[in-house]
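Q: I have a structure I would like to understand better, so I am pasting it below and will then ask my questions one at a time.
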Amino acid sequence: MAKPLSISSHPSIHLAWRAYFEMTKPKVVALMLLTVLVGMCLAMPTILPVKPLVAGLLGIAMMAGSAAALNHLIDRRIDGMMARTYNRPLPKGRVSATRALLFAALLGSLGFVILYVFTNPLTAWLTFASLIGYALIYTAYLKRATPQNIVIGGLAGAMPPLLGWTAVTNQFHGHALLLVIIIFLWTPPHFWALAIHRRAEYAKVDIPMLPVTHGVEFTKTCILLYTILLAIACLLPVLVGMSGPLYFVCSSLLSTGFIYKAWQLKYQDCEGLAMQVFRFSIYHLMLLFMALLLDHYLWA
């Protein structure tokens, strides 16, 4: 009698799906979806409509996963030379370049159709523009062309709150752009801190990250300046009446913490501080947007 098929009897199938899932950068996409959700919620004074909520999150997630897979594909050579990324699916041969391209194309196409049909064309095209901005303009060109790669390319990564806003309103709004500004200013210190820690690897693969081209001390100064600019930007939702006291308190505490970590990085010679700044920046963004969400429903 033939044995029934199961995933456990075919571990290679399970490993293959894990490789494709890994290429979508699920942790990065999860944080991005939080900012999308906050954009949606802040756009609506009442409960979110189900269809644009579900379709918007699903479609944006799929297109973000597609962009991440294209990033894996384009960076496969340098990924194989860096300790942080050498174990990714393409450098290890777990997924071929052809299959990675087909996977990214299929995932992105499905996401676009979902957004276009079940959300609105505006959100579909804006998300597509973000995909092109991240996967092609940033990854394929800017990353290798200029030490300001993160600053210029960061605009594509700052779009999610706007995508969430348009998904439920089908229109632009100045408040959504404030959220974009916050993420835009958050991105450089976040990535530059990682680049300081990995500067030798970036130099090895000829990626002109700021610590490689301008030195560590200059980069530390830039991180500190950007955290101060970010702190100012984080106050804008309060100043325009978009958010209330709860967000103001949380934002002030988080900004103070971020500036303190950046100050430590600049003026204390301590091993591991760059990665502390990098990790703190992730918590900063996550908690900041959670505070925006909670404040919206408590003070709306």
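Cβ from N, Cα, C; glycine included.
Note that the structure is a prediction, hence the values are computed from the model and not measured.
The transmembrane segment feature in Swiss-Prot is assigned to 28-48, 54-74, 100-120, 122-142, 149-169, 176-196, 222-242, 243-263, 280-300.
On this model, are these features tucked inside or out on the surface, and what's nearby?
A: Through the fold, the transmembrane segment (28-48) approaches residues 56-57, 60-61, 64-65, 68, 157, 160-165, 167-169, 173, 175-176, 179, 183, 242, 282, 285-286, 289-290, 292-293, 296-297, 300 of its own chain, all at least 6 residues removed from its boundaries and within a Cβ separation under 8 Å.
Through the fold, the transmembrane segment (54-74) approaches residues 20, 23-26, 28-29, 32-33, 36-37, 40, 88-90, 97, 100-101, 103-105, 107-108, 110-115, 118-119, 123-124, 127-128, 130-131, 134-136, 139-140, 160, 163-164, 167-168 of its own chain, all at least 6 residues removed from its boundaries and within a Cβ separation under 8 Å.
With a cut-off of 8 Å between Cβ atoms, the residues of this chain six or more beyond the transmembrane segment (122-142) that come close are 56, 59-60, 63-64, 66-67, 70-71, 74-75, 104, 108, 111-112, 115-116, 148-149, 152-153, 155-157, 159-160, 162-163, 166-167, 170-171.
Long-range contacts of the transmembrane segment (243-263) within the same chain, counting only residues at least 6 positions beyond its ends with a Cβ under 8 Å from a Cβ of the stretch, are 189, 220, 223-224, 227-228, 230-231, 234-235, 237, 273, 276-277, 280-281, 284, 287-288, 291-292, 294-296, 298-299.
Sequence-distant neighbours of the transmembrane segment (280-300) (same chain, 6+ residues past either end, Cβ-Cβ under 8 Å): 31, 34-35, 37-38, 41-42, 45, 179, 182-183, 186, 189-190, 193, 234, 237, 243-247, 250-251, 254, 257-258, 261.
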